[in-house]
Amino acid sequence: MSVVLRGGVTTGGFLLRHRDSSAVGPRRISSVRAAGGGVNPTVVATERATWLPGLDPPSYLDGKLAGDFGFDPLGLGEDPESLKWYVQAELVHARFAMLGVAGILFTDLLRTTGIRNLPVWYEAGAVKFDFASTKTLIVVQLLLMGFAETKRYMDFVSPGSQAQEDGSFFGIEAAFEGLEPGYPGGPLLNPLGLAKDIGNAHEWKLKEIKNGRLAMMAMLGFFVQASVTHTGPIDNLIEHLSNPWHKTIIQALFSSA
C-alpha cells in the first residue's frame, strides 16, 4: 500500500521520486513501485520552482510565463487581461533598467577616471546642451517616445496590426519584424537571430527577465545610494574597497541619519 504525499509517493517507508531533467517549466514527479507491487510508473503530482520553497503558487500562475515563480502576494494577476498588461509593463521597465544601469556605470567610470568631464548621473538631466535648448529636447523626446509607446500599445491591443500596410508608418515596422507583443526582432533588434522562433525561446526570455529584475533592483540601489551618499556608484565602490570593514551600507545609512 502506498501513501501519496505532497511532492512524492512513499512505498514501504521509502520516498521514491523521479524528476525530469528539464530546468525550465514544471518538473514531473512519478511514483515507482517494485515489480510485484502491481503499480505502473504514474505521474502523481507536479511541482515547480517558486520564489519561496514549499509555497503553492496561485492557480492563475501556471509557470508558462517567462520568469513565473508564483510571486504575486497582492493578487494583481488574477484578471487575465490585467496579467497580460503587467507582463508587458515589467518587460519594458526591465529593459529600461538594464539600459539605465549600463549607462550610469559607463558614464560614471568615464567621470571618475577623468577620461571625460561628465556630471554625476543624477545631475545629468540639469545640464544645458549647446546644440539645443532644454525645451526643444523635451518636445523632441515627447514626440519620439510618444510615437514609439503608442505603436507598442497598439500592437499589444491588436497583435500584428502595426506591421500591416494600413497601420505602418512609412514601412519602418518591417525592419523590426515583430515576433509577438513585447518582442520585436529584425536586423536592428535581433541581429544574431537568437529568438526567431519566439514560441520556443523560453530560455532567452527567462534570461532577459531575470537580468531585467536584477537591473531594476540595481536602479533602486542607485537611487538610495545617491540620496544617502550624494556620489556616484563608482565613487561608492572605490570608497568601500579602500576600507571594506568600515565603509559599508550600514555605516553610510547610520551616518546620514
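Each Cβ is built from the backbone N, Cα and C atoms, and glycine gets one as well.
Please treat TrEMBL annotations as automatic predictions, because they have not gone through curation.
The chlorophyll a binding site annotation in TrEMBL covers Glu90, His93, Lys207, Glu208, Asn211, Arg213, Gln225, His240. Around Asn211 (chlorophyll a binding site), taking its Cβ as the centre, 15 other Cβ atoms fall within 10 Å, counting all chains.
Residues or ranges marked as chlorophyll b binding site in TrEMBL: Arg95.
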- Task: Starting from the Cα of Arg95 (chlorophyll b binding site), work out which of the binding-site residues (Lys207, Glu208, Asn211, Arg213, Gln225, His240) are within 10 Å.
- Result: Glu208, Asn211, Arg213
- Tell me the Cβ contacts of Glu208 (chlorophyll a binding site) under 8 Å, same chain only and six or more apart in sequence, or just say none. Ala66, Leu91, Ala94
- Task: Mind telling me which of the binding-site residues Lys207, His240 has the densest Cβ neighbourhood, counting other Cβ atoms within 10 Å?
- Result: His240
- Query: Around Arg213 (chlorophyll a binding site), which residues of its chain at least 6 apart sit with Cβ under 8 Å of its Cβ?
  - Reply: Gly67, Glu90, Ala94
- Note on the structure: Record-annotated chlorophyll a contacts Glu90, His93, Lys207, Glu208, Asn211, Arg213, Gln225, His240; largest Cα to Cα distance in whole Å is 32
